[in-house]
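Quick look at what TrEMBL lists:
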TRANSMEM  B:47-77  transmembrane segment
TRANSMEM  B:106-132  transmembrane segment
TRANSMEM  B:138-156  transmembrane segment
TRANSMEM  B:168-188  transmembrane segment
TRANSMEM  B:194-216  transmembrane segment
TRANSMEM  B:250-269  transmembrane segment
TRANSMEM  B:299-326  transmembrane segment
TRANSMEM  B:347-367  transmembrane segment
TRANSMEM  B:373-394  transmembrane segment
TRANSMEM  B:406-429  transmembrane segment
TRANSMEM  B:435-453  transmembrane segment
Number of protein chains: 2
Amino acid sequence: MDWRRVLIGRPLKDREGTERKVNVFQGLAVLAPDALSSVAYGTQEILIMLSYAGMAALWFSLPISATLVLLLAFLVYNYRQIIAEYPNGGGAYVIGRDTLGPGIGLIAGAALLIDYTLTVAVSVTAGVAALVSAFPRLGHWTVWVSVLFTLFIMVVNLRGTKESAQLFAFPTYLFIAMVLIMVGYGLIHPEFAIARPASVLSPTTSALAVGPLLLLRAFSSGSSALTGIEAISNGVPIFRNPAPGQARTTLMFLGILLGAMFFGTSLVANRLGLHPNAAHAFPVTVLQLMAGRLFGRGVYFYLLSFVTMAILAIAANTGFAGFPQLASTMARDQWMPRMFLSRGDRLVYQNGILVLGGFAILLIILFKGNTAALIPLYAVGVYMSFTIAMVSLVKKRWAQNADGRRVTTIITAGLGAVLTTAVVFISVITKFTEGAWIVVVAIPLMLWGFRSVRRHYRMVADILRMEDLSGKPTPKQLVVIVPVASINQMTMGVLSTALSMNPDELLALHIATSPEREQQMTERWKQWNPDSRIKLVVVQSQYRAVLRPMVRYIDHLSRLFAPGRVIVVIPELLVEKRWQNILHNHMGFALEAIMVFRRSIAVMIVPYRLPHKSSDSPPG
Amino acid sequence: MDWRRVLIGRPLKDREGTERKVNVFQGLAVLAPDALSSVAYGTQEILIMLSYAGMAALWFSLPISATLVLLLAFLVYNYRQIIAEYPNGGGAYVIGRDTLGPGIGLIAGAALLIDYTLTVAVSVTAGVAALVSAFPRLGHWTVWVSVLFTLFIMVVNLRGTKESAQLFAFPTYLFIAMVLIMVGYGLIHPEFAIARPASVLSPTTSALAVGPLLLLRAFSSGSSALTGIEAISNGVPIFRNPAPGQARTTLMFLGILLGAMFFGTSLVANRLGLHPNAAHAFPVTVLQLMAGRLFGRGVYFYLLSFVTMAILAIAANTGFAGFPQLASTMARDQWMPRMFLSRGDRLVYQNGILVLGGFAILLIILFKGNTAALIPLYAVGVYMSFTIAMVSLVKKRWAQNADGRRVTTIITAGLGAVLTTAVVFISVITKFTEGAWIVVVAIPLMLWGFRSVRRHYRMVADILRMEDLSGKPTPKQLVVIVPVASINQMTMGVLSTALSMNPDELLALHIATSPEREQQMTERWKQWNPDSRIKLVVVQSQYRAVLRPMVRYIDHLSRLFAPGRVIVVIPELLVEKRWQNILHNHMGFALEAIMVFRRSIAVMIVPYRLPHKSSDSPPG
């Protein structure tokens, strides 16, 4: 009956919402997949970009990866400081808001909302790409498989994601192990050292020949590999005590693993001369290419495909954890619609989950399920939030008393901020026409939206406020209008209700579609003579419509009285079975929609439910 | 602003609805296209069916066509009698209902509704096939071109089709002329007599070898060529006086023209050895093949393609004239939903037009825009209505006084009924698995539907009836419940309205999501002390939901009082701009939907419209 119950599960009470705390091992499984899964597309995006300059240019993936690993080290070092400074977690929005003011907080908030949406879209499409590498037949359905996949993760999140640590540990660590085994085997095994094509061996092409712009674009594409490392600093409170210590240790492990996996993948891809533009009908990912070359299209290849897909699904899940949380925080600050505040039956912010799922699906459809096409949008938002977190750290330390580590932190965080700002600019400039412009346009629009929302809520609160409680409700004289189609039991019932309301004026309004019907109604009314307080008003309709003249008359009448005095009381026949609804014209609801919304007139629906008669059941 | 006005035109007043009467020449243009356009697919469907037995079998199209022309003569003769007997027109539904009783009338009604829907689907797809023959590139989009085409005819009909005679005459007569010229040229020109392949020359294959079943199936497919000849007898009143005489003359001309065009096409198709299964990527129609062979792919070919499409569009239009008219007649008899009775701004039965368009589009999509696939469904309904018309004629004449023509009519109409019944059986049996089963299943379902609708209306009328007018409306003591989220101006306004209703009990219902909020509310209420008649009720919510406990409480309360005494009065904030609606949760409308539909409790919405403040406009 209730399909929502089946899909999403039974409602949970408030007290069922206590979270289990995690240790370092579990924390890595819950918070690291977003970052670690980037290995599945980071190297690949660099190679795709470089391949535009020919095979020889692929070598440049090594210096680019090395630069990114350096940037990673910086980010990990600084985020460990951020964990110490902000032990309650909270993303760049909260940190920025509290340290640098609401304006900066909003910029971080906008960047993060975009980031979470892209995390979902990029992870899902990359996961589906891994699947398509293994099962090329799926290639024709990339977009729809991605959409279904997103819907699946959405439903899982609507059910609530309490069991995540246990569920996520296995694929996460399996992914780490499989990538590291592959990297180790690919680096050590002598057979493959010979197999690599000569052109990829050394920098035979100069950086100038490849073009600095292309190198910067490849760097910007690769910078997507570092997205997600902020997740641990956002999620400090989920760790066991001492939470900041555990989070810092987890972040260090994440940095080491991500660095090794990412740089290792780039190294091996180079050694094997892999490039993702091979003549396949559908993109084959670099990780799959690598597994295929090293171990053949066997168990390892297929297992890696599934594990890659699994960790990317978990990464998408991170977006579903972050977006609704951030949206609710911003809604509490009145920057976002109130609906993001309401937690549903399963204690999750279901509106945030639904909106995120909707936007992610929109992106997937617009970008045809192509990860590479989504990447240009990705880095801008993430690195903007990195920058804001770093600057906040600098400001916070600046205000503190001098101690041994104060200057070091200010310098490293400041340097980090400069680097991440550089990535933002590089990404915006080199990828502007490929999609970065969308983010550049979206962020100011979102800021304007946030402010409009806040302004509206403020205005409503101002208007509705009743500070001194001196005003009291006072009764007024009511004018009640009852539309009457004919004289029958339903009419009698609704007129009874209208009489009970003790109105000053009670009008029965009949719309006559012909002079004959007018005469018929007035005569029958006279015969009936229901009550001296009820006045019959008949209005002629030139067009066969009933609704329009009715609205016009009520509108006309309501102008004669003070606002709030006119009430329209409408009978509505309720049928027993759903199909019977098409047999009635539901004038009442149509009239209500017009009167309430367009004219601000109070409308009362008096339902007349038909009794369920056995003779009404269909013949056997 | 009002897109409907742009699409459909200004509203028309009742007195603008007088129709122009037509003469024979115009009448043929308005009422004949349905029948005449069958030439565009009749011969073709016979050939497609025969081609399954090989090229040699195509010769059998000649005896089959001859038999159908004989049947045509019978039908024309008998329908001329029907025009004389039923000078007020009315289709098989009215004739059957008035002569043979409502049961038979309903069968005819069901058959005709199916027939009209198929007329639209078959004509549109055949028209698009003519277009595709000329422009093969369109072939990939057959379904969508057909759907768009249907929507276009639908909109034209929603505007009203008063100007039809002038508009339709030109393409109709051009089509007649072009087909007859082609037939004449193809029969006379000696060049083509030599070109025909030997195998098609003579009945080298015996009927037994082809198989009697296949011949019957080909006959059944071809019988679709006679559909539409009933249109003139249905439309007698649109002729100038003496209407029956003019209609009879028109029908005679239609019979002669249709016979000549249909048999001529079959003859020439045989002489030229045309068969529609030629190796084309997309079906090329027989008329187009013929024009191509006789005159080359020149002006004649393209003009014929367009004229064929035009006359098929006009034929589809016949469906749009017939279905809404019949649906409204049956709705007046309470067999169909009341909505088919309401005429819209343009004096047309817009609901019938919309429903017909919807079903036709559904058929087109389900049958992938393939005329040949739709044909098996077509003949059954049409010939059932033919049969009912003939039998009605027999019965009517039987009851009359003996005169010279009485026996002749009874014999010819009786024989006609036997023939058309035979066609129904042949079609059902030979085409059962190809789609005729749909009609066989649909007609009993529709009869069951008609009776359920009538039973429901009868039941409602029984329940609502107030014969003696002795009952009078009497006031009752009201229990009014006002949901209150907090104490503010809106609360005060809605409580004022509730107080004005002079209730026996007035409860302000607050749902507290935490014990703190409960305490806060009760304290602030005590401070406010609005009115001694208003009682505050606070209900604790365990699940964060507000709506559910509110519904549960109201439901509980309403059981304590007599039905109709409990009224829920809900404040609803109305915003100035549409986008602001997403900023509010619209609890009022949600509550109303639950209370009115699920619990049959009277609900009143008291709108509180926010004043439009300039400070609310977005920043420049």
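Counting starts with 1 at the first residue shown.
From the backbone N, Cα and C atoms, a Cβ is placed for every residue, glycine too.
Counting residues 6+ beyond its ends, the transmembrane segment (B:299-326) has Cβ neighbours under 8 Å at 31, 33-34, 36-38, 40, 91, 93, 109, 112-113, 116-117, 119-120, 123-124, 126-128, 130-131, 133-134, 149-150, 153-154, 156-157, 161, 164, 168, 171-172, 174-175, 178, 182, 228, 231, 234, 285, 287-288, 291-292, 340, 348-353, 355-357, 360 in the same chain. Counting Cβ pairs under 8 Å to the transmembrane segment (B:406-429), the top-ranked stretch among B:47-77, B:106-132, B:168-188, B:347-367 is B:47-77. Across B:138-156, B:168-188, B:250-269, B:435-453, the stretch most heavily in contact with the transmembrane segment (B:373-394), judged by Cβ pairs under 8 Å, is B:435-453. Contact count against the transmembrane segment (B:347-367) (Cβ pairs under 8 Å) is highest for B:138-156, out of B:138-156, B:250-269, B:435-453. It is B:106-132 that, among the stretches B:47-77, B:106-132, B:138-156, B:168-188, B:250-269, forms the most Cβ pairs under 8 Å with the transmembrane segment (B:435-453). Sequence-distant contacts of the transmembrane segment (B:138-156) (same chain, at least 6 residues past either end, Cβ-Cβ under 8 Å): 7-8, 120-121, 124-125, 127-129, 131-132, 281-282, 313, 316-317, 320, 353-354, 356-357, 360-361, 364-365, 368-370. Highlighted: of the candidate stretches B:106-132, B:168-188, B:250-269, B:250-269 has the greatest count of Cβ pairs under 8 Å to the transmembrane segment (B:47-77).
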